[in-house]
Each structure stands twice: as structure tokens, then as C-alpha cells.
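Asks: Okay, here's the structure, questions in a sec.
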Ligand SMILES: Nc1nc2c(ncn2[C@@H]2O[C@H](COP(=O)(O)OP(=O)(O)OP(=O)(O)O)[C@@H](O)[C@H]2O)c(=O)[nH]1
Ligand SMILES: [Mg+2]
Ligand SMILES: [Zn+2]
């Protein structure tokens, strides 16, 4: 029998069977993780083969994991050698962006987008907490959304608490499996609760001292909505360490640069100082946004993950 892992608590996995029954499963034996060094062998979203245990009511043993279409891993910023698999087989990743409480920086957005490009997962920016914005802040948000839309990313603006802007979001997630990411306190769990009243994820006010979230959600969990719509709530991202991306590959993960890469004079151009660099020319001409290019440079040098 086959099913989809919707929750993992370390030793137990909650699996949704093909006929929409829930069954608690355990893992027996060692699983090779497709050469990936991860701290967990199975993630939310994995399709697994299981066998019901004899004599045990309603529990089963996972015997196999189906090949993954894609996966999202988060590298520990402190330990280069360990990575945690957040989810597998997702159709899209939504980043909840908040201009304040907490502030999501452009550098953070760009790191997230580059990671999604590397994982080959379409990314969507969802600006949340729009109810908190002044007129000026709203204009600033619209300018950012315009910038990312022009690069090709879908941008939406919502308020999870006021439940505004949710209809386009509902249309976007319908029939798909979507991962919801963002800083702690950005409102991921609040949004889940707003999308379906049967979902009751715990939420917490952000700390008034640090203006940051308090990491209320501690493990990824998948929720089933009507119409085969799956949403994955995840713990807030503190820092985003990039998965292994070679220097020469990095520009490929910026769609607005990717289109130009054949046009630089040198085929191994790093787009930093080389003569005849088309990327630099477009930055100077203003067609590549300066903030994006700054993010490129900061990722290239491997400096701060935290802006
Ligand atoms: N004003 C306002 N507050 C919001 C909005 N969405 C969420 N919040 C508040 O932000 C706080 C944090 O929300 P959570 O849903 O717990 O945030 P989270 O992203 O799940 O955080 P972690 O689980 O820690 O990663 C709560 O007090 C919410 O009520 C919004 O649209 N507007
Ligand atoms: Mg949460
Ligand atoms: Zn170049």
C-alpha cells in the first residue's frame, strides 16, 4: 500500500493513504537518501510504501520511499555538513514577506528565490500584514512587488488576520501542494488557519522587544484542504544558508541574468569586474535592479546570510 507522509515526529510518521485514511507508520531498516546527507530520511510530502503490522491495530511499517520529484532542504547555518529535509514533492513555495513585524529584507527574499530556482520549485511572494502599513509603506511594498513581478515572480498582497486578498491566493493553491515559508512571526500558521477553519495551528504574538517571531511552529506538517489542495506549514526561517551552489552557477538562478549569460565576452564571466560583461552593462543601464545585483554579489562572496 502507498501513502503520502503528512507529518513526522522523528520516530513516527503520519501517512495519508490513497483512500484518504490516516495511518501511523514507523520506519524499519536503513534508508539511503539518494546520496543526500540529511538528518532525516523521510520528509513531509514523501510517497512511501508501507505494510500494516500484524496484530497491531492501525499501525504500519514503511518499507520503501518512492523517488522524489523535488525536495527542499535547509542547511544548518552553523554546521556545513548537516541539512534537514523540510519537504518533498512540492508544486510551489510561497514566501510570506512582511515589511515589518518582523521585517523581511530584500536580501532574504533573494536568497529564498535563488534556493527555489536551485530546487526547481516555482516561488511566489505573498506580502502579508498589509493591514499594518502606512500609505508610504504600502507604496514601497507595491514597488517591491513590481520589481519581482517584472522578473517573472507572482506577487500577492494579503492580510491573514483581516482575511483580505485571500481569493487570488486560494485560486493559486487549488489542487496543488504548496510549501509556506517565511520568518518566524510572518503569519504562516495564521494564514493556514484563515484558509480553512478546520485547521487550528498554534500562533503566537511576535516579541515586542525584538519585533521577531518566537518560533511557534517547530516541525513541518501538511494539511489537506478540499480539491486535493495540500498546504505545508513550516517552522520560521532564521537564517537561510544556501544549498551548495557553485559560483559559476549562481547567475543561472537569477532569471533576469540567466537570459543574458551567453552574451558576456568570457564564458566563465563572474559578472563582477570582467570587461564585456553584459550583466554589468544591464545593471548600469538599470534593467537589472541594483538590489538584485547586490544580492548576487553578497551570495557570491558567501558573506552574511542574515540581511
Ligand atoms: N496585523 C497582522 N498580524 C498578523 C497577520 N498575520 C499574522 N499576524 C500575527 O502575527 C503573529 C505571528 O503569527 P504566526 O501565524 O504565529 O506566525 P508564523 O509565521 O506561523 O511563526 P512561526 O510558527 O514562529 O514560524 C500572530 O500574533 C498573528 O496574529 C496579519 O495579516 N496582520
Ligand atoms: Mg507557525
Ligand atoms: Zn558577465
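Keep in mind that glycine also has a Cβ here, set from the backbone N, Cα and C atoms.
Unlike curated entries, TrEMBL annotations are predicted automatically.
Annotations per TrEMBL:
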- 128, 129, 130, 131, 182, 183, 184, 185, 186, 187, 188, 189, 190: GTP binding site (BINDING)
- 264, 269, 271, 277: Zn(2+) binding site (BINDING)
- 78-240: domain 'CP-type G' (DOMAIN)
- 88-238: domain 'EngC GTPase' (DOMAIN)
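Set these features in their place in the structure for me.
Replies: Under DSSP, residue 186 (GTP binding site) is assigned to coil, being neither helix nor strand in the three-state scheme. In the shown protein chains, 26 other C-beta atoms lie within 10 A of the C-beta of residue 186 (GTP binding site).
Within 10 Å of the C-beta of residue 277 (Zn(2+) binding site) there are 20 other C-beta atoms, taking all protein chains into account.
In the predicted model, the domain 'EngC GTPase' (88-238) shows an average pLDDT of 95.
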Asks: Given the binding-site residues 128, 182, 184, 186, 188, find the one whose Cα is closest in space to the Cα of residue 277 (Zn(2+) binding site).
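Replies: Result: the closest of the binding-site residues to residue 277 (Zn(2+) binding site) is 182.
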Asks: Please name which of the binding-site residues listed here, 264, 269, 271, is nearest in space to residue 182 (GTP binding site), Cα against Cα.
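Replies: So, spelling it out, the nearest of the binding-site residues is 271.
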Asks: When the Cα-Cα distance from residue 188 (GTP binding site) is computed for each of the binding-site residues 264, 269, 271, which gives the smallest value?
Replies: 271
Asks: Out of the binding-site residues 264, 269, 271, give me the one sitting nearest to residue 130 (GTP binding site) by CA distance.
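Replies: It is 271, whose Cα lies nearest.
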Asks: Taking the residues the record says bind GTP (128, 129, 130, 131, 182, 183, 184, 185, 186, 187, 188, 189, 190), how far apart in Å are the two Cα atoms that sit farthest from each other?
Replies: 18
Asks: Can you give me the Cα-Cα distance between residue 271 (Zn(2+) binding site) and residue 128 (GTP binding site) in Å, rounded to a whole number?
Replies: 34
Asks: Determine, from DSSP, whether residue 130 (GTP binding site) sits in helix, strand or coil.
Replies: helix
